[in-house]
Amino acid sequence: MKKKRILLKVGSNTLTKETDNISRGKIEDIANQIALLQDTCEFIIVSSGAIAVAKQFVKLESKGRDINVKQALASIGQPHLIRIYQEIFREAGLLTSQCLLSYSDFERQESKTNIVNTINVLVSNNYIPIINENDTVATDEIKFGDNDKLAALTAALLKVDLFVIATNTNGIYTKESIESKTLKTIEEVEDFKQLQAEVVSSKSSHGSGGMQSKIDAASVAKKANIETWIVNGLEDHFMINAMNSTVPFTKIK
Ligand SMILES: Nc1ncnc2c1ncn2[C@@H]1O[C@H](COP(=O)(O)OP(=O)(O)O)[C@@H](O)[C@H]1O
Ligand SMILES: N[C@@H](CCC(=O)OP(=O)(O)O)C(=O)O
């Protein structure tokens, strides 16, 4: 039986559980879910969190631009992030690997072919690729830190069956419900234009794109005929619960 290919994007807020520290418990939760689903699904993860990990133990001095400090923090945090994934996934019997990609890689046919071929070898050998942006080479023009878009481009390139974005809300809420503090999830979206009107400008403490970048990412996936789910990664078993429809989340077809 052909496995369902799922690309899971995990944001900084999910990984830190909205604290200042990476949550090993959250990574265990992701590993446990993948272990439970591995007979029917194969996974590719796009994970943020490099900067959040570095901020836990380092403060860099610089008179330069803020973005360069962030890039340096990402460089310090990334190997730690991968080490934590590797340790925790290994305990759950799962193998992991690291791929660092940048936007320009999606503009060159040769790079695209190499990405697809490398990841196919990894996945067919039961390795779970953990992808992050190659932050050292990211530039201002290409909005730095927007892993939602990177995840969507990767989902389209790898022809996944489902794109799951784990964030810190129960999907996309209606604007009205945010304003009245009653939080109501938009469960199914077909009209993109209408969706744009629901976004409010806030973003969470560690995140960088906000909901707008998730909607843009879903739009990239939709063009590639991929369904996007925006789910609350703060909850335990968030993917399995969404699959069983036991939690509110947003499905963008
Ligand atoms: N309509 C909306 N529904 C839900 N969240 C929204 C909406 N509009 C803006 N947001 C903001 O988007 C945030 C999620 O994006 P972001 O902070 O980038 O998180 P992540 O680190 O998961 O990528 C939410 O915490 C919320 O503040
Ligand atoms: N690539 C960087 C920044 C990514 C970032 O903040 O993205 P997100 O949490 O998905 O809004 C990192 O790993 O810290």
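Start at 1 and count along the chain as shown; that gives each residue its number.
Using N, Cα and C of the backbone, Cβ positions are placed for all residues, glycine too.
Caution: TrEMBL annotation is automatic and unverified by curators.
Annotated substrate binding in TrEMBL involves S48, N147 plus, out of the candidates D135, D161, the residue D135. Of all the binding-site residues in the list S48, D135, N147, the shortest Cα-Cα distance to M211 (ATP binding site) is found for N147. In this structure, of the binding-site residues Q212, S213, the smallest number of CB atoms within 10 A of the CB marks Q212.
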